[in-house]
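> After the structure tokens below, expect a handful of questions from me.
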Amino acid sequence: MNHGYDFPRIQFANQEEKQEFSKFPTKTGRRSLSRSISQSSTDSYSSAASYTDSSDDETSPREKSQVNSKGSSDFCVKNIKQAEFGRREIEIAEQDMSALISLRKRAQGEKPLAGAKVVGCTHITAQTAVLIETLVALGAQCRWTACNIYSTQNEVAAALAESGVSVFAWKGESEDDFWWCIDRCVNMEGWQANMILDDGGDLTHWVYKKYPSVFKKVRGIVEESVTGVHRLYQLSKAGKLCVPAMNVNDSVTKQKFDNLYCCRESILDGLKRTTDVMFGGKQVVVCGYGEVGKGCCSALKALGAIVCVTEIDPICALQACMDGFKVVKLNEVVRQMDMVITCTGNKNVVTREHLDRMKIGCIVCNMGHSNTEIDVASLRTPELTWERVRSQVDHVIWPDGKRVILLAEGRLLNLSCSTVPSFVLSITATTQALALIELYNAPEGRYKQDVYLLPKKMDEYVASLHLPNFDAHLTELSDEQAKYMGLNKNGPFKPNYYRYERGFKTPHIDYD
């Protein structure tokens, strides 16, 4: 096949030069050389075998007997021998999470979490490991499990277990494994949690359901997802929330950085790794134009995709219109779409009816926390065939031969199928750590049995810890300027209702 380039014929000056060229390996020889190089690389770095070996992949970690180098078996991970690789990944993440390391150094002497027993349920990645080890450095004891059955980095879980953290998680857990791991974290003889760090509300739900007496000792809950926060507000409204809870999801540092900038980068990464798709000219519908949806739309549009949006909120819909996106109803456009991406945190956003009407090869995925946005259960019927293409990628095949590409079985795409930027997760993790410190050390009576937003001052502090990465220098208000604006020179600089939206500024009104 000619791709527009004619390879020149090689002309030799003499027979000696031709003989020298012929010493290079033939096609067969080059394959052998390639194998020998590959083999020697493995031999010289023998520990690579423990990282890539899949011979025990079929054995459930629950059936294995494993101990770390300290003799502890209070953990359940895929393979404790992967700890060295996990440690290197954690070290890489630390390089781009300097604010969390800075917090660790600043507060390590006073140990603000001394006596804290934190049970956590989050994604277990290199970035989360930096958070967990920061909590330990600040005096906490931690037991940890995963909030998603696909997002755990096995080698990182092994590294945490090797360092002494009781972690119960592995990639590809079953539903039964998922709840078993949560139970093992909570139900430990001689150890009872007094703080909860949750992502999605499953841990909090399990404690309420199985071990409600635990809440007699718990000082507070820190929750970082839309789904989990919604559950907390439901409990509060019903009068069933028996401890204070901190809503990290709606803090400025979570909404405007993790949700927006993280998703803007990781949506492309997840789609590329799983499908090798080219975005230019593709018809894409993004369901939801909150911060996650804004990030996804921005990234897809930048690479030439033709993006439209579905929305229930007229304000978000108007923002989408002003940003150049057509606002549509899913059932009106679903036949033409090459990709359907959910970002709402709701349930049944993409129904079986929508899936039946999609065209051949449509890619369907979810960027919201919960796995309820796409009605995957409706696809598990006898008339449809599931065909595994690669890890986290399935063809769902209809009787007429139509196939839809479903990613991560409708679970969170970026953390199930790729990774997320360490720097932006440092912002969220620092916010979580400060929320735990605040709730744990708060004097009795400061927080009632309700859901609270982080104080604006704390959001500003988290942001300030990350500015040195950019060699950014803040301007200081003069006394006259501070008085004119009615501000403290040290902040907070915005009222609690200020939302930091692009294109919106709060005007100064001079009543004098």
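Cβ coordinates come from backbone N, Cα and C, glycine included.
This is the feature table in TrEMBL:
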type	residues	note
REGION	1-72	region 'Disordered'
COMPBIAS	34-53	compositional bias 'Low complexity'
BINDING	Thr125, Asp199, Glu224, Lys254, Asp258	substrate binding site
DOMAIN	259-420	domain 'S-adenosyl-L-homocysteine hydrolase NAD binding'
BINDING	Gly290, Glu291, Val292, Gly293, Lys294, Gly295, Glu311, Asn414	NAD(+) binding site
> Determine, to the nearest whole angstrom, how far the Cα atom of Asn414 (NAD(+) binding site) is from the Cα atom of Thr125 (substrate binding site).
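Computed Cα spacing between Asn414 (NAD(+) binding site) and Thr125 (substrate binding site) is 12 Å.
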> Write down the Cα-Cα distance for Lys254 (substrate binding site) and Gly295 (NAD(+) binding site), rounded and given in Å.
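Here the two Cα atoms lie 13 Å apart.
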> Hey, what's the widest CA-to-CA gap across Thr125, Asp199, Glu224, Lys254, Asp258, the substrate contacts in the record, in Å?
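Pairwise Cα check on Thr125, Asp199, Glu224, Lys254, Asp258 gives a maximum of 18 Å.
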> Can you grab the distance from Thr125 (substrate binding site) over to Val292 (NAD(+) binding site)? Cα atoms, rounded to a whole Å.
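With the alpha carbons as reference points, the distance is 20 Å.
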> Taking Gly290, Glu291, Val292, Gly293, Lys294, Gly295, Glu311, Asn414 as the record's NAD(+)-binding set, what's the max Cα pairwise distance in Å, rounded to a whole number?
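In whole numbers, the farthest two Cα atoms are 22 Å apart.
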> May I ask for the distance between Glu291 (NAD(+) binding site) and Asp258 (substrate binding site), taken between their Cα atoms and rounded to an integer number of Å?
9
> Could you round the CA separation between Val292 (NAD(+) binding site) and Asp258 (substrate binding site) to a whole angstrom and send it over?
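On Cα coordinates alone, these residues lie 9 Å apart.
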> Taking just the CA atoms, what is the gap between Gly290 (NAD(+) binding site) and Asp258 (substrate binding site) in Å?
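Per the Cα atoms, Gly290 (NAD(+) binding site) and Asp258 (substrate binding site) stand 12 Å apart.
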> Counting other Cβ atoms within 10 Å, pick out the least crowded of the binding-site residues Thr125, Asn414.
Thr125
> So which binding-site residues out of Asp199, Glu224, Lys254, Asp258 end up within 10 angstroms of Glu311 (NAD(+) binding site), measuring C-alpha to C-alpha?
none
> Return only the integer: C-alpha distance in Å from Asp258 (substrate binding site) to Lys294 (NAD(+) binding site).
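Computed Cα spacing between Asp258 (substrate binding site) and Lys294 (NAD(+) binding site) is 12 Å.
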> Can you grab the distance from Asp199 (substrate binding site) over to Gly293 (NAD(+) binding site)? Cα atoms, rounded to a whole Å.
19
> Return the residues near Glu224 (substrate binding site) by Cβ distance under 8 Å, restricted to its own chain and a separation of at least 6 in sequence.
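Spatial neighbours, sequence-distant, of Glu224 (substrate binding site): Thr122, Asp198, Asp199, Val248, Asn249, Lys254, Thr428, Gln432.
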> Mind checking which of Asp199, Glu311 has the fewest other CB atoms within 10 A of its CB? They're the binding-site residues.
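Among the binding-site residues Asp199, Glu311, the lowest count of other Cβ atoms within 10 Å belongs to Glu311.
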